[in-house]
Amino acid sequence: HLVMGGNETQTKFILLGITESPRVQASLFGLFLLIYIVTLVGNIGIMVLVWVVPSLRTAMYFFLTHFSFTDVCYSTVISPEMLADLLSENKTISFAGCVTQFHSFAFFVTAECHLLAVMAYDRHVAICNPLLYATVISSRVCRQLVASSYLIAFLSAVIYTACTFGCSFCGPNQINHFFCDASPVLKLACSDTHSNEMVIFAFVAINAVGTSVIILLSYICILRTVLRMRSAWSRSRAFNTCASHLIAVSLFYGTIFFMYLQPASSHSSLDKVASIFYAVVTPMLNPFIYSLKNKEVKRALVKCRRRMLNLG
């Protein structure tokens, strides 16, 4: 055992997972394996498509490739461990493994928040100031916006991780969850966690509320501009370019707010359902949302298919 803060602390944790029923575990393994494969194929497919189709090499799709990249990464942080645990009786994870999993997850989820805000700003400039778009959203600005999203996410993840694992863990070691998340881990701490919880809550609020305000303001400006358009075709086109992003934002922020912007005492068994939704299901849905609602992506897919058939 390690010694931390003067107390004996755990060197490993046991993840209790989603359910204890072997039959349900076997069914869930098949379902989640399928979801994970679809997530990888869909998101990597979008990244490859943007890379090989010249017409998709624009700022909007540059941001979309990074969005797909974060989806692949945070799904991969959670799903393989969860799938292994569904088949295994030994559901232990080392202390270092738990810290690494949580830090990686916090990093990619926070990056996704900021990328969604960046994508909303991109749509705002494209629709409200189309003549200035090439100047405002230059390739240099695109790189800076993405880099700042990752930097803020990394610093936030360091704070979340320090607050979650900086306590003493000398008692029970069973985490009532399928991955190492802040709330179920903090419940196992021997020391008082109130100040740690408040810091985590504050930073989640800054990241989630801050980015959602940017998204909201962007869409208020977009709505005002669209309603002023005289042509019904122009209005329809503008709404279509935003529809995918709005659906992705609703799915992601709905579960994030439910999970993290509530006091620790309010957490319930519904947390696992919400976690499955945003950590496992949403990354799978995003490629469908962006390809089914987007005519440019559909055209690019048709072109790629034709090319492949010609090669064949």
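Even glycines carry a Cβ here, placed using N, Cα and C.
Where the annotation comes from TrEMBL, it is an automatic prediction and has not been curated.
Cβ atoms under 8 Å from those of the transmembrane segment (28-53) belong to residues 18-19, 61-62, 64-65, 68-69, 71-72, 75-76, 79-80, 82-83, 86-87, 280-281, 283-284, 286-288, 290-291, 297, 300-301, 303-304 of the same chain, restricted to positions at least 6 beyond its ends. Positions annotated as transmembrane segment by TrEMBL: 28-53 (among others).
The domain 'G-protein coupled receptors family 1 profile' annotation in TrEMBL covers 42-290.
What TrEMBL lists as transmembrane segment is 150-175 (among others).
Marked as transmembrane segment by TrEMBL: 198-222 (among others).
Distant neighbours of the transmembrane segment (243-261): 67, 109, 112-113, 116, 119-120, 123, 182, 200-201, 204-205, 208-209, 212, 215, 219, 270-271, 274-275, 277-278, 282, 285-286, 289-290, 293-294; these residues of the same chain sit at least 6 beyond its ends, with a Cβ under 8 Å from one of its Cβ atoms. Residues or ranges marked as transmembrane segment in TrEMBL: 243-261 (among others).
Here TrEMBL flags 273-292 (among others) as transmembrane segment. Beyond its flanks by at least six residues, the transmembrane segment (273-292) meets 18, 32, 35-36, 38-39, 42-43, 45-46, 64, 67-68, 71-72, 74-75, 78-79, 82, 105, 109, 177-179, 181, 244, 247-248, 251-252, 255-256, 258-259, 298, 301 of its own chain at Cβ-Cβ distances under 8 Å.
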